[in-house]
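Participant: The following block contains the structure, expressed as structure tokens.
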Amino acid sequence: MDIVDILLSASFWAAAIRIASPLIFAALGELICERAGVLNLGIEGIMVVGAFAGWMTVYSGGGLWAGVGVAMLAGMLFGLLHAVLTVPFGLSQHVVGLGITMLATALTYFSYRLALPEVTSPPKIEAFQPLPVPVLSDIPVLGPAVFSQTPLTYLAFGLVIAVSVILYRTPLGLALRAAGENPAAVAAQGLSVGAIRIGAVMAGSGLMALGGAFLTMSAFNSFFFEMVNGRGWICIALVVFGSWRPGKTLIGAILFAAFDALQVRVQQTPLGADLPYQIFLMMPYLLSILALVVMSRRAQVPAALMVPFNKGER
Amino acid sequence: MAGTAHKAPVVLRLDRITKTFGALTANDAISFDLREGEVIALLGENGAGKTTLMNILFGQYTADSGSVAVFGKTLPPGNPRAALTAGVGMVHQHFTLADNMTVLENIVLGTQPLWKAGFNRAGARQRILELVGAYGLSVDPDALVGSLTVGERQRVEILKALYRDARILILDEPTAVLTPQETDDLFATLRKAVALGLSVIFISHKLHEVMAVSDRVVVLRHGRLVAETETAATDKYTLAELMVGARIDPPAVQAAPVGRVLIELENVSTPDRGAAPGLKSVHLKIRGGQIVGLAGVSGNGQAALFDVLGGLITPARGVLRRDGAVPGRWSPRAAVAGGIARIPEDRHKTGTIPDFNLTENAVLELYGQPPFSRRGWLNRGAARAFARRIIDAYDVRCPGPETRIRLLSGGNMQKLILGRVLETVPDVILANQPVRGLDIGALTYVHEQLLAARGRGAGVLLISEDLDEIMALSDVIHVISEGRLSPGFERGSKTTAELGVWLAGHGFGEGDSDAA
């Protein structure tokens with residue numbers, strides 16, 4: 001099987017889209033935070049929280065969608081903590097974000113140990129199953145690749161459209177973008193910059209947690225340590241790659257996921273026998289860095305990203 | 001505009017507004033009324049409390065005591081939304097616009113309920129175009145604000161207020177950034193607004209504008225209301241005295257012998273830097289005993305010119321001559337060592353390191369040479385003595401040389417920079433906006449020092465947006481527009497209006513400016 005065959009196979013694209021799904025949720029969440037002017041480096045930890053909260057809800061007898069809801073709530077809670085420290089108190093967004101990541105990750109692992117002290121291999125749950133879309137899933141290649149995914153994947157794609165519409169077609173989105181471009185303009189119009197930013201960070205963190213929950217509830221069906229494995233950091237890069245636009249960020253997520261799916265498959269070709277497998281593992285990251293360098297040259301950074309706003313400051 | 005204003009109803013009443021910041025009383029029991037169809041000029045020096053007062057009126061600050069009533073209703077303190085709803089629109093000195101968004105988006109921001117699905121773009125555009133027509137504020141609703149000129153941005157700010165049905169317009173130093181023609185356009189708009197029944201508070205410290213546009217003048221000094229008078233019943237000189245509290249005579253410009261050419265640019269071009277234009281075939285000579293004034297709206301290549309002369313950028317084309325010879329290596333270090341003094345445009349960003357103390361900031365350009373360092377070791381004692389000398393000689397008001405410079409006022413910061421460069425007795429002084437934001441005392445001091453340097457034979461390049469300043473001090477005036485430099489005009493050979501034409505970008509030949 002050579003690379004062309006791989007690129008034409010439905011299973012390859014199905015895998016790429018599956019791998020992209022958690023990245024889409026979390027990157028959208030990060031995008032919302034950054035568009036309002038707050039860099040949320042808590043993303044990695046909030047994904048861990050979401051993964052655990054969703055999985056634990058289902059494991060202890062809750063429904064799948066209840067798990068999704070609990071995961072989002074847990075994410076929003078950490079988002080609130082992040083927002084309170086960075087928005088009204090105006091603390092360093094780097095320090096707070098990394099702190100949230102460490103806190104959230106450690107608390108999650110601690111809770112896991114408390115909840116399941118005796119367990120050595122993590123238990124599985126009944127996760128979301130693929131839900132082929134009638135008619136559309138019968139299209140050759142495209143059908144099995146795109147329209148035979150789990151409901152959460154459809155939700156991820158739907159959210160890209162929803163976030164685009166909200167950002168560019170509603171007064172709320174306008175105010176949110178303005179808070180990230182020039183908070184003084186928002187305040188001068190009698191709106192509360194603080195409320196907009198806190199709301200955006202909470203909503204964004206909810207989406208990050210949902211990205212984490214996808215891993216346990218729609219991909220691996222169980223929770224284990226280190227499972228988020230840097231996906232949060234990748235999402236930060238994807239937002240830059242996407243120039244802070246939902247559509248472009250989606251393309252970035254699919255591209256990264258495709259490289260990831262590709263490297264696994266290339267390892268099984270004759271080429272894979274000759275080269276150390278680490279080279280293949282590196283590939284998606286190397287190509288992401290390259291793509292990022294090329295794309296970010298013309299990126300439109302929100303002008304007030306990481307700039308705290310204090311009303312009435314002299 | 002004057003005439004009927006007196007009988008018109010009161011639309012805005014400020015009642016005994018008091019506000020303190022720490023030990024500073026910014027507003028001390030200030031009261032006055034604004035009537036319908038009236039223009040009040042709020043006059044005062046920097047730091048007199050004008051902006052604080054307007055921020056209280058607009059709800060951005062909360063007053064310690066006193067109240068604001070609009071159309072007879074008292075506004076809740078500290079609530080911009082209430083002020084907006086009551087019909088107060090404010091055009092801030094520093095525009096509150098988002099550059100990456102369109103004019104339309106900036107205008108409709110906050111005018112629709114946040115939780116509404118979708119907004120009515122077509123309706124908003126229609127309404128904006130109506131306002132554009134009625135008030136003569138030409139601007140494209142779909143342009144990105146970042147691509148607009150300063151004058152256009154100001155129109156967007158005014159449109160923002162009008163779009164919200166403002167009945168009272170407050171303009172904070174609106175002409176500070178405009179060319180004379182743009183200022184005239186602004187005044188035309190204000191006249192239309194007043195004719196349509198709006199009332200205006202116009203904040204300024206430029207006396208001729210106050211005389212031209214207002215019906216009444218309210219003068220603030222050190223936070224107190226010191227005079228309230230009909231514009232027709234007063235004159236510029238009386239107002240100046242009221243504003244300053246004492247007579248301040250502009251520094252006398254004495255004739256000085258013109259020396260040789262100290263530094264010269266011949267046909268110099270530099271590449272554009274982002275939105276800022278580079279220089280385009282510029283010819284410039286700075287002679288000893290001369291102040292060369294560079295007039296122009298900010299962002300037209302002044303920075304590039306300043307940086308070429310100061311050694312920060314090397315010309316892509318053309319030559320720079322220092323004392324008649326092309327220097328081997330041109331760098332900031334070579335420039336400073338060769339007697340070029342730089343007073344940068346932005347005191348906070350390039351002039352100083354705000355979190356360093358006065359001593360460290362005093363030797364920023366000199367730390368590498370004796371006596372401030374020897375064999376790679378700093379000599380703090382020498383640096384401190386140097387800082388003390390500057391503090392005494394240039395009247396820098398500060399707790400001491402160990403104070404972080406961030407804590408100083410703009411005027412004192414500028415005096416330290418001035419002392420730092422003048423102590424080395426330079427023969428070329430590059431001063432980019434040296435008095436921007438300074439009060440009249442500090443401003444006069446800086447001007448005196450520049451004139452004194454000219455008197456001892458130094459050549460001065462004075463870059464400013466303030467045409468009055470340029471015309472008062474310069475022996476030769478150049479106008480810069482989009483990187484092109486006008487020929488040099490001798491003192492008194494051009495009127496404000498004639499220079500205004502050049503400022504607006506007319507008169508430059510296409511391609512090479514061969515007029516020099």
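Just so you know, glycine gets a Cβ as well, placed from its N, Cα and C.
Automated prediction, rather than curation, is the source of TrEMBL annotations.
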Participant: Looking at A:94-112, A:246-264, which one does TrEMBL call transmembrane segment?
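Facilitator: Within the set A:94-112, A:246-264, TrEMBL attaches transmembrane segment to A:94-112.
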Participant: Hey, which bits of the same chain come close to the transmembrane segment (A:6-26), Cβ under 8 Å, at least six residues off its ends?
Facilitator: 43, 47, 140-146, 148-150, 152-153, 156-157, 159-160, 207-208, 210-212, 214-215, 218-219, 231-232, 234-235, 238, 249-250, 253-254, 256-258, 260-262, 264-266
Participant: For the transmembrane segment (A:94-112), which partner among A:38-58, A:151-168, A:198-217, A:278-296 gives the most CB pairs under 8 Å?
Facilitator: A:38-58
Participant: Using Cβ atoms only, state whether the transmembrane segment (A:38-58) and the transmembrane segment (A:198-217) have three or more pairs under 8 Å that are 6 or more apart in sequence.
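Facilitator: Since 3 or more Cβ pairs under 8 Å link them, the transmembrane segment (A:38-58) and the transmembrane segment (A:198-217) do come into contact.
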Participant: Output the single range from A:64-87, A:151-168, A:278-296 maximising the number of Cβ pairs under 8 Å to the transmembrane segment (A:198-217).
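Facilitator: The stretch with the most contacts is A:64-87.
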